[in-house]
Amino acid sequence: MQDSSLNNYANHKNFILMLIILFLMEFARGMYILSYINFLPTVTSIAVAITSLAFSIHFIADASTNFVIGFLLKKFGTKIVLTTGFILAFTSLFLVIWFPASPFVIIFSAMMLGIAVSPIWVIMLSSVEEDKRGKQMGYVYFSWLLGLLVGMVFMNLLIKVHPTRFAFMMSLVVLIAWILYYFVDVKLTNYNTRPVKAQLRQIVDVTKRHLLLFPGILLQGAAIAALVPILPTYATKVINVSTIEYTVAIIIGGIGCAVSMLFLSKLIDNRSRNFMYGVILSGFILYMILIFTLSMIVNIHIVWIIALAIGLMYGILLPAWNTFMARFIKSDEQEETWGVFNSIQGFGSMIGPLFGGLITQFTNDLNNTFYFSALIFLVLAVFYGSYFIANREKAK
């Protein structure tokens, strides 16, 4: 009994420390990717094309690394992989201090940061306890969201004081996360040193076994990300509100998401499979309705209400979807499978803005992008609703 209590305490301590490390790394990512490089064209000689390229390369590096990181963790161990990641992130962001307007450094740092964050995410997802998955995944996604948003806002404020003087803060945050890592005992589901060919075969095998999940993983991210390029224009040109009022809508949605992740996500634990199915299906249908409704709304107060509803639903849909995916994963392939899933999700987030921007540009109508996003959620609702009904019938 005492050994069990000590083991539970150690697992809880490790989980909390990893949450803090994830928060700090996402904080650094928010500072650099969402704030610093976006402001560079306005305060230095860096061209917008360079910062746009850096932004894209960051997420390409992230998605590509996710695809193989689980296998690298199993082959080389967590200490080598994570330490390498921290070195890459710290060194690249440290270079920004000395070369704040170098195109090569800006792009290189974005790529290295994308690689460095990947193993932390995979370890977090694979270390979640099954009987507490909903609750703990709520904490994981909350740490991610809070880190990104607070990092972005914090860097925005520092840039207003001076555009480049506080660049050292980004590498400092990574250094703190790196130090905290040495107080964590990270364990994998198993270790193996299989040859590269065998690992490639396993990637193909993992992919084939989880094809059912890929539409949901890919299209959810694409549907949400498709709206990103048009939302500022929608706010200022269609609703005719200021940037501040638009920012308030984002904050309200973020607060709703945070509340849901912290308090509602635990509802997923110890509930029936049908309850989880209901949450996922309701989430897809509600998203379809709310996004379609946005195309007809010109009142900012109603937009705020919709933003709150979207945030609340997102905060419980993510843990529910994560729990659904977890049921398909073999216990000894957690790291590899979550890595592949994250890679597919990252690819969806990359193609979403591309489609959203192109639809608006070629049709010259913002509403068509809202229709596109809503249609994706309708397709997901029909596809997985059919699966849930069929699976429920089989279980009887």
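Using N, Cα and C of the backbone, Cβ positions are placed for all residues, glycine too.
Lifted from Swiss-Prot, the feature list:
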TRANSMEM  15-34  transmembrane segment
TRANSMEM  46-73  transmembrane segment
TRANSMEM  80-99  transmembrane segment
TRANSMEM  105-126  transmembrane segment
TRANSMEM  138-159  transmembrane segment
TRANSMEM  165-184  transmembrane segment
TRANSMEM  211-231  transmembrane segment
TRANSMEM  243-264  transmembrane segment
TRANSMEM  276-298  transmembrane segment
TRANSMEM  304-326  transmembrane segment
TRANSMEM  338-358  transmembrane segment
TRANSMEM  370-390  transmembrane segment
Dominant neighbour of the transmembrane segment (165-184) in 105-126, 138-159, 211-231, 276-298, 304-326, by Cβ pairs under 8 Å:
138-159
Contact ranking winner - 15-34, 46-73, 80-99, 138-159, 304-326 against the transmembrane segment (211-231), Cβ under 8 Å:
304-326
Stretch among 80-99, 105-126, 276-298, 304-326, 370-390 sharing the most Cβ pairs under 8 Å with the transmembrane segment (243-264):
304-326
Excluding the flanking five residues on each side, which residues at least 6 beyond the ends of the transmembrane segment (276-298) place their CB within less than 8 Å of a CB in that stretch?
223, 227, 234, 238-240, 268, 306, 309-310, 313-314, 316-317, 320-321, 323-324, 366-367, 370-371, 373-375, 377-378, 380-381, 384-385, 388, 391-392
Outside the transmembrane segment (105-126), six or more residues from its ends: residues with CB under 8 Å to it:
18-19, 21-22, 25-26, 28-29, 32-33, 37, 40, 46, 50-51, 53-55, 57-62, 65-66, 69-70, 72-73, 78, 81-82, 85-86, 88-89, 91-93, 95-96, 99, 140, 174, 186, 188-189, 322, 334-335, 338-339, 342
Paired segments the transmembrane segment (15-34) and the transmembrane segment (338-358) in contact, 3+ CB pairs under 8 A:
no
